[in-house]
Amino acid sequence: MASSSCLWLLALAFLLGSCASLALGHLDPPAPLPLVIWHGMGDSCCNPLSMGAIKKMVEKKIPGIHVLSLEIGKTLREDVENSFFLNVNSQVTTVCQILAKDPKLQQGYNAMGFSQGGQFLRAVAQRCPSPPMVNLISVGGQHQGVFGLPRCPGESSHICDFIRKTLNAGAYNKAIQERLVQAEYWHDPIREDIYRNHSIFLADINQERGVNESYKKNLMALKKFVMVKFLNDTIVDPVDSEWFGFYRSGQAKETIPLQESTLYTQDRLGLKAMDKAGQLVFLALEGDHLQLSEEWFYAHIIPFLE
């Protein structure tokens with residue numbers, strides 16, 4: 001009988017101690033949300049000078065975070081090549097499958113896309129709501145596409161020469177649309193009808209041919225959609241595309257901001273509602289394409305990942 005009383009007292013003491021710990025906040029802090037990264041044109045998941053460095057910066061400021069830098073292909077070389085020549089819709093489908101199978105992402109994740117990876121991850125948010133994306137950070141992404149020839153010096157320059165010639169020959173040719181990544185977000189403001197009818201990727205995710213309510217609902221589920229624009233960008237044309245702006249239809253000189261576009265005024269994608277609710281964040285910094293300092297990154301990007 002005495003033994004039972006002792007056990008009861010021990011159990012009571014443990015319970016009271018647990019309650020006291022709860023009251024005093026002696027709980028392990030929740031694990032940080034995982035981060036998914038998608039690199040840009042001519043880059044790879046793990047280049048130590050680009051995405052590898054970004055991964056280390058995030059891990060330095062957020063200990064214990066799970067960072068998945070997407071590799072599209074079986075090798076780093078294939079990853080780079082696929083950023084030019086693998087159908088974007090196929091890439092998005094593959095990424096959705098990768099995310100759905102990752103047990104560490106099932107409670108939600110943040111996403112950060114660099115250059116074209118920004119609009120590709122937006123497509124993931126719109127098409128694949130499970131697991132849920134919480135914050136989307138687009139660093140130099142081209143959300144209204146481009147109408148200028150890509151400049152990429154160094155090892156990929158010969159590939160860009162080929163792309164220039166191909167886009168000039170016919171960006172909306174069916175075979176080119178199916179096989180050339182940059183053609184899939186090529187947006188010709190002078191021939192909007194041709195773009196609208198023949199773009200197999202950008203025109204779809206931007207609701208150009210009709211309103212897919214699930215796209216709208218899924219994008220609006222984001223907590224924050226952060227867009228970073230590089231004010232001295234020499235690669236993206238027009239630069240305003242990084243904030244969802246673009247050329248006024250019918251010409252290629254004057255640009256209009258997102259808020260004056262049909263996409264916004266008709267709220268075809270939910271961006272107007274998101275803007276009014278404070279879900280859209282527009283950040284700008286001096287510098288060329290993807291040129292940002294550690295200090296700027298820590299001050300302006302890390303808060304959305306913590």
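Even glycines carry a Cβ here, placed using N, Cα and C.
Here's what Swiss-Prot has on this protein:
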- 1-27: signal peptide (SIGNAL)
- C45-C46: disulfide bond (DISULFID)
- C96-C128: disulfide bond (DISULFID)
- S115: active site (ACT_SITE)
- C152-C160: disulfide bond (DISULFID)
- N197: N-linked glycosylation site (CARBOHYD)
- N212: N-linked glycosylation site (CARBOHYD)
- N232: N-linked glycosylation site (CARBOHYD)
- D233: active site (ACT_SITE)
- H289: active site (ACT_SITE)
Work through the disulfide-bonded residues one by one (C96, C160) and point out the residue whose CB has the fewest other CB atoms within 10 angstroms.
C96
Return the member of C46, S115, C160, N212, H289 nearest to N232 (N-linked glycosylation site) in space, with distance defined Cα to Cα and candidates limited to these recorded positions.
H289
D233 (active site) as reference: those disulfide-bonded residues from C45, C96, C160 with C-alpha within 10 Å of it:
none
Round to the nearest Å and give the CA-to-CA distance linking N197 (N-linked glycosylation site) with C45 (disulfide bond).
33
How far is it from C45 (disulfide bond) to C96 (disulfide bond), counting Cα to Cα, in Å?
16
Simplified DSSP label at N197 (N-linked glycosylation site) comes out helix
Would you mind checking how many other C-beta atoms are within 10 angstroms of the C-beta on C45 (disulfide bond)?
20
Anything within 10 Å of N212 (N-linked glycosylation site)? Look among the disulfide-bonded residues C46, C128, C160, comparing CA atoms, and list what you find.
none
For C128 (disulfide bond), the number of neighbouring Cβ atoms whose distance to its own Cβ is within 10 Å equals 18
Residue among the recorded positions S115, N197, N212, N232 whose Cβ has the most other Cβ atoms within 10 Å:
S115
Least Cβ-packed of the recorded positions C46, D233, H289 (other Cβ atoms within 10 Å) is C46
